[in-house]
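Visitor: The following block contains the structure, expressed as C-alpha coordinates.
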(Lines of atoms letter the chains of each structure in order from A and count residues from 1; the text may use other names and numbers.)
(Lines give C-alpha, C1' and ligand atoms only; values in the text may rest on other atoms or scores of the structure.)
Protein backbone atom coordinates (compact mmCIF):
# COMPACT_ATOMS: atom_id res chain seq x y z
CA UNK A 1 0.00 0.00 0.00
CA UNK A 2 1.26 3.45 -0.88
CA UNK A 3 2.14 6.01 1.77
CA UNK A 4 -0.02 8.50 -0.15
CA UNK A 5 -3.83 8.70 -0.18
CA UNK A 6 -5.65 7.02 -3.03
CA UNK A 7 -6.95 9.12 -5.91
CA UNK A 8 -10.64 9.91 -5.75
CA UNK A 9 -13.03 11.43 -8.26
CA UNK A 10 -12.71 15.21 -8.53
CA UNK A 11 -16.09 16.90 -8.17
CA UNK A 12 -15.46 19.36 -11.01
CA UNK A 13 -15.09 16.67 -13.68
CA UNK A 14 -17.67 14.21 -12.32
CA UNK A 15 -20.56 15.74 -14.34
CA UNK A 16 -18.67 15.07 -17.59
CA UNK A 17 -18.05 11.39 -16.81
CA UNK A 18 -20.26 8.33 -17.28
CA UNK A 19 -22.19 6.74 -14.40
CA UNK A 20 -19.61 3.94 -14.30
CA UNK A 21 -16.99 6.43 -13.13
CA UNK A 22 -19.03 7.30 -10.05
CA UNK A 23 -19.63 3.62 -9.29
CA UNK A 24 -15.99 2.64 -9.72
CA UNK A 25 -14.53 5.57 -7.79
CA UNK A 26 -16.97 5.11 -4.91
CA UNK A 27 -15.91 1.47 -4.54
CA UNK A 28 -12.22 2.35 -4.94
CA UNK A 29 -12.47 4.92 -2.14
CA UNK A 30 -14.45 2.57 0.11
CA UNK A 31 -11.84 -0.19 -0.32
CA UNK A 32 -8.95 2.34 -0.16
CA UNK A 33 -7.26 0.81 -3.21
CA UNK A 34 -4.71 2.46 -5.48
CA UNK A 35 -4.93 2.13 -9.25
CA UNK A 36 -1.76 0.03 -9.01
CA UNK A 37 -3.43 -2.44 -6.61
CA UNK A 38 -6.56 -2.66 -8.78
CA UNK A 39 -4.45 -3.12 -11.92
CA UNK A 40 -2.51 -5.96 -10.31
CA UNK A 41 -5.75 -7.70 -9.31
CA UNK A 42 -7.26 -7.22 -12.79
CA UNK A 43 -4.05 -8.06 -14.68
CA UNK A 44 -3.87 -4.75 -16.56
CA UNK A 45 -1.62 -1.68 -16.64
CA UNK A 46 -2.48 0.92 -13.97
CA UNK A 47 -2.90 3.70 -16.57
CA UNK A 48 -5.33 1.50 -18.52
CA UNK A 49 -7.34 0.90 -15.34
CA UNK A 50 -7.37 4.61 -14.47
CA UNK A 51 -8.50 5.41 -18.03
CA UNK A 52 -11.33 2.90 -17.62
CA UNK A 53 -12.37 4.62 -14.36
CA UNK A 54 -12.51 7.95 -16.21
CA UNK A 55 -14.60 6.48 -19.04
CA UNK A 56 -11.78 6.74 -21.56
CA UNK A 57 -11.23 3.01 -22.19
CA UNK A 58 -13.41 0.00 -22.93
CA UNK A 59 -13.68 -2.85 -20.43
CA UNK A 60 -13.53 -6.44 -21.63
CA UNK A 61 -15.83 -9.06 -20.09
CA UNK A 62 -12.78 -10.34 -18.19
CA UNK A 63 -12.05 -6.82 -16.89
CA UNK A 64 -15.64 -6.51 -15.68
CA UNK A 65 -15.49 -9.81 -13.79
CA UNK A 66 -12.14 -8.94 -12.20
CA UNK A 67 -13.27 -5.42 -11.25
CA UNK A 68 -16.45 -6.87 -9.75
CA UNK A 69 -14.39 -9.18 -7.59
CA UNK A 70 -11.77 -6.68 -6.41
CA UNK A 71 -14.22 -3.81 -5.82
CA UNK A 72 -17.20 -5.85 -4.54
CA UNK A 73 -19.54 -4.41 -7.16
CA UNK A 74 -22.17 -6.78 -8.57
CA UNK A 75 -21.08 -7.96 -12.01
CA UNK A 76 -24.53 -7.11 -13.40
CA UNK A 77 -24.06 -3.45 -12.39
CA UNK A 78 -20.67 -3.24 -14.09
CA UNK A 79 -21.94 -5.06 -17.18
CA UNK A 80 -24.75 -2.55 -17.58
CA UNK A 81 -22.49 0.47 -16.99
CA UNK A 82 -19.35 -0.63 -18.84
CA UNK A 83 -20.71 -2.49 -21.86
CA UNK A 84 -20.93 0.47 -24.24
CA UNK A 85 -18.26 2.25 -26.22
CA UNK A 86 -16.34 4.97 -24.37
CA UNK A 87 -16.97 8.61 -25.25
CA UNK A 88 -13.32 9.60 -25.29
CA UNK A 89 -11.91 13.08 -24.98
CA UNK A 90 -14.82 14.81 -23.23
CA UNK A 91 -13.72 14.55 -19.61
CA UNK A 92 -11.45 17.61 -19.57
CA UNK A 93 -11.91 21.27 -20.30
CA UNK A 94 -9.23 22.73 -22.55
CA UNK A 95 -6.91 24.10 -21.57
CA UNK A 96 -6.88 21.98 -18.41
CA UNK A 97 -7.22 23.75 -15.07
CA UNK A 98 -5.65 21.11 -12.82
CA UNK A 99 -1.96 22.05 -12.35
CA UNK A 100 -0.58 18.55 -12.99
CA UNK A 101 -2.74 17.95 -16.06
CA UNK A 102 -1.85 21.45 -17.26
CA UNK A 103 1.88 20.58 -16.98
CA UNK A 104 1.29 17.64 -19.33
CA UNK A 105 -0.54 19.96 -21.73
CA UNK A 106 2.34 22.44 -21.38
CA UNK A 107 4.86 19.72 -22.24
CA UNK A 108 3.02 19.14 -25.53
CA UNK A 109 2.79 22.91 -26.14
CA UNK A 110 6.51 23.41 -25.51
CA UNK A 111 7.98 20.21 -26.92
CA UNK A 112 5.31 19.01 -29.37
CA UNK A 113 6.93 20.58 -32.45
CA UNK A 114 10.33 19.22 -31.38
CA UNK A 115 8.90 15.72 -30.81
CA UNK A 116 7.21 15.89 -34.22
CA UNK A 117 10.40 16.96 -36.00
CA UNK A 118 12.50 14.26 -34.35
CA UNK A 119 9.89 11.55 -34.96
CA UNK A 120 9.64 12.58 -38.62
CA UNK A 121 13.44 12.42 -38.95
CA UNK A 122 13.54 8.96 -37.38
CA UNK A 123 10.43 7.44 -38.99
CA UNK A 124 9.40 9.61 -41.94
CA UNK A 125 6.08 11.36 -42.55
CA UNK A 126 3.44 9.90 -40.23
CA UNK A 127 1.97 9.88 -36.75
CA UNK A 128 2.38 7.96 -33.52
CA UNK A 129 -0.74 5.93 -32.79
CA UNK A 130 -2.70 6.50 -29.60
CA UNK A 131 -4.70 3.36 -30.44
CA UNK A 132 -1.88 0.83 -30.93
CA UNK A 133 -0.42 2.37 -27.81
CA UNK A 134 0.77 1.70 -24.28
CA UNK A 135 1.96 3.94 -21.49
CA UNK A 136 3.27 3.57 -17.98
CA UNK A 137 4.19 5.77 -15.05
CA UNK A 138 7.23 5.04 -12.93
CA UNK A 139 8.78 6.66 -9.88
CA UNK A 140 12.53 7.21 -9.78
CA UNK A 141 14.49 8.47 -6.80
CA UNK A 142 18.03 9.82 -6.72
CA UNK A 143 20.09 12.19 -4.57
CA UNK A 144 18.20 15.18 -6.05
CA UNK A 145 14.72 13.90 -5.17
CA UNK A 146 11.77 12.03 -6.62
CA UNK A 147 11.15 12.03 -10.36
CA UNK A 148 8.13 11.08 -12.44
CA UNK A 149 8.90 9.01 -15.54
CA UNK A 150 6.14 8.68 -18.13
CA UNK A 151 6.72 6.34 -21.06
CA UNK A 152 4.58 6.63 -24.20
CA UNK A 153 4.81 3.79 -26.76
CA UNK A 154 2.79 4.10 -29.95
CA UNK A 155 2.95 2.25 -33.24
CA UNK A 156 4.29 4.43 -36.06
CA UNK A 157 1.71 4.98 -38.78
CA UNK A 158 3.15 6.36 -42.02
CA UNK A 159 0.87 8.52 -44.13
CA UNK A 160 -0.31 6.77 -47.29
CA UNK A 161 0.44 8.20 -50.68
CA UNK A 162 -2.58 8.40 -52.97
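Glycine too: its Cβ is placed from the backbone N, Cα and C atoms.
Here's the feature list from Swiss-Prot:
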ACT_SITE  103  active site
ACT_SITE  106  active site
ACT_SITE  129  active site
Visitor: What does the structure give for the C-alpha distance between residue 103 (active site) and residue 129 (active site)? Integer Å is fine.
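Guide: Just about 22 Å between their Cα atoms.
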Visitor: At the Cα level, what's the spacing in Å between residue 129 (active site) and residue 106 (active site), rounded?
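Guide: Each residue's Cα considered, residue 129 (active site) and residue 106 (active site) end up 20 Å apart.
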Visitor: As a test of the contact definition, list every same-chain residue at least 6 positions from residue 106 (active site) whose Cβ is closer than 8 Å to its Cβ.
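Guide: In sequence order there is nothing to list, since no residue at least 6 apart has its Cβ under 8 Å from residue 106 (active site).
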Visitor: What count of other C-beta atoms do you get within 10 angstroms of the C-beta of residue 103 (active site), across all chains shown?
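Guide: Around the Cβ of residue 103 (active site), 11 other Cβ atoms lie within 10 Å.
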Visitor: Where does residue 103 (active site) sit in the DSSP three-state scheme?
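Guide: DSSP call for residue 103 (active site): helix.
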